[in-house]
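**Student:** For reference, the structure I am asking about is given below.
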Amino acid sequence: MVRSCLSIVLSAGEGTRMKSPLPKVLHKIAGLPLICHVLKQIELAESSQVAVVVGCGGQEVTHVVQSFVKDVMIFEQKERLGTAHAVLSARFALQKGVDDILIVFGDTPLIQQESLHQMRAQLADGADVVFAGFHTQDPTGYGRLLEKNGQLIAIVEEKDASEEEKKISFCNGGILAMRGKHALSLLEKVDNNNMKKEYYLTDIASLASREGLDVRVVEVPFENIVGINNCLELSRADSLWQKRKARDLMLSGVTLLKPETVYFSYDTEIEPGVVIEPNVYFGLGVKVQSGAVIRAFSYLEGAVVGQDAQIGPYARLRPGTELAKSVKVGNFCEVKQAKVGESSKINHLSYIGDAEIGAHTNIGAGTITCNYDGFNKYKTVIGDHAFVGSNTALVSPLVIGDGSYVASGSVITENIPMNSMAFGRARQVIKEGYATKFRARLLEKNLSENKQKK
């Protein structure tokens, strides 16, 4: 029998240590807001219902969450009175009678579905309450997990821990799972008899233990539950995410020559057999097919790179770029909102924007599509087996037919029929011996000007 599950994401914290007007959970790792990383893993853990508790920046957080997850419930914690109080802000959702309750924090972007599945498995096995825990050589600052006979009996915050308890290296990971039938009753028994006068979610451990409930701990890797409180921790978490992504790609058959220098986005898709050189950036929406080579210092976003294509070095692919099989885009080229056909080449110093290029076409060095008049964008269409010479300006809207040649240095403003040759430049004029006369004239002029100054 499939167990129903309500996941509650706590994201009401003010995040003052981020020192940013942006709500903490909307800061990004790999191009995706922190809270969306959490929501993604919750979905993979087969949550049937999702609730998000918002506070500071609630409207912004709500907008992002609702655009990322369908049918999400939003609740506001109007007063910051602790984590248990935050969960009770979602009382309406807690009353729906689900089998499992998962409670996670919106600033833990490295959480993994496997950990959530493990905690739910403990509930299915008979546990009433399950906390996530982790071992660390330096437990300073973390709540300690106190166990007895294999059961969790309490979570003691460091400021309240005895010297003996401070030696415990098993710490609270911040994720909580409960049977739905116990959730409200336990939460309502949490009091605020502490220095901060707040209602702590961790008190549920001792409350449940005293009631004779089955309280367990699932050990998870520390990196899976890392929380974000400032921009330094954000950077460290991003680095952990990047290492994880690079490892997964290399194990799948992708060659990364210097993985620590490559930056991936959360939705980057790279097929086996791809080779990626150092210092490459993958923005949102990039797909790279097998056999492609992405050379050093290239920047890709919103682009599809076809099989056996070669990109870079120093190439930029912008959103809307679609490169077919064996396309070459070389150094200092920028391609935007353009489709490039099989085996076509854009090898040097070119800008191709709002264009469609056929197969087996060569775009010479310094070619520019002039696609913008200050108000509107216009399209350039170049057929199959065409040749565009170096230092050419293509003023769109423009169609260049199959098999046509464009002479180097041309400014092309009119359509070119197929198998034609177009020249769009002034004829070269040679005046033999004129350079000597020209230099003499310039020298005479300079001497005259110098005399006038004196």
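Indices start at 1 and increase along the chain as displayed.
For all residues, glycine too, the Cβ spot is worked out from N, Cα and C.
Here's the feature list from Swiss-Prot:
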ACT_SITE  H348  active site, proton acceptor
BINDING   K24, Q77, G82, T83, G143, E157, N172, N229, R318, K336, Y351, N362  UDP-N-acetyl-alpha-D-glucosamine binding site
BINDING   D107, N229  Mg(2+) binding site
BINDING   A365, N371, Y372, S390, S408, R425  acetyl-CoA binding site
REGION    1-231  region 'Pyrophosphorylase'
REGION    232-252  region 'Linker'
REGION    253-454  region 'N-acetyltransferase'
**Student:** Report the nearest neighbour of A365 (acetyl-CoA binding site) in space among the recorded positions K24, G143, N229, H348, comparing Cα positions.
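**Tutor:** Comparing Cα positions, the candidate nearest A365 (acetyl-CoA binding site) turns out to be H348.
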**Student:** Binding-site residues K24, G143, Y351, R425: which have a Cα within 10 Å of D107 (Mg(2+) binding site)?
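**Tutor:** The binding-site residues passing the 10 Å Cα test are K24.
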**Student:** Near the Cβ of D107 (Mg(2+) binding site), how many other Cβ atoms are there if near means within 10 Å?
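**Tutor:** Taking all protein chains shown, D107 (Mg(2+) binding site) has 27 Cβ neighbours within 10 Å.
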**Student:** For R425 (acetyl-CoA binding site), list the number of other Cβ atoms lying within 10 Å of its Cβ atom.
**Tutor:** 14
**Student:** I need the most crowded of these binding-site residues: G82, G143. Count other C-beta atoms within 10 angstroms of each C-beta and give me the top one.
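**Tutor:** In terms of Cβ crowding, the pick is G143.
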**Student:** State the Cα to Cα distance, in Å, between Y372 (acetyl-CoA binding site) and K24 (UDP-N-acetyl-alpha-D-glucosamine binding site), rounded to an integer.
**Tutor:** 38
**Student:** Please determine which of the recorded positions listed here (K24, H348) has the lowest count of neighbouring CB atoms within 10 Å.
**Tutor:** H348
**Student:** Summarise the region 'Linker' (232-252) as counts of helix, strand and coil residues per DSSP.
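**Tutor:** Helix (H, G, I), strand (E, B), coil: 20 helix, 0 strand, 1 coil.
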**Student:** Within the region 'Linker' (232-252), what mean pLDDT does the predicted structure show?
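**Tutor:** Per the prediction, mean pLDDT sits at 98 for the region 'Linker' (232-252).
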**Student:** How many Å lie between the Cα of N229 (Mg(2+) binding site) and the Cα of N172 (UDP-N-acetyl-alpha-D-glucosamine binding site)?
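**Tutor:** If we compare the Cα positions of N229 (Mg(2+) binding site) and N172 (UDP-N-acetyl-alpha-D-glucosamine binding site), the gap is 17 Å.
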**Student:** For N371 (acetyl-CoA binding site), which residues of its chain lie six or more apart in sequence with Cβ-Cβ distance below 8 Å?
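**Tutor:** Once residues fewer than 6 apart are set aside, N371 (acetyl-CoA binding site) is near G353, D354, A355, K377, Y378, K379, T380, S396.
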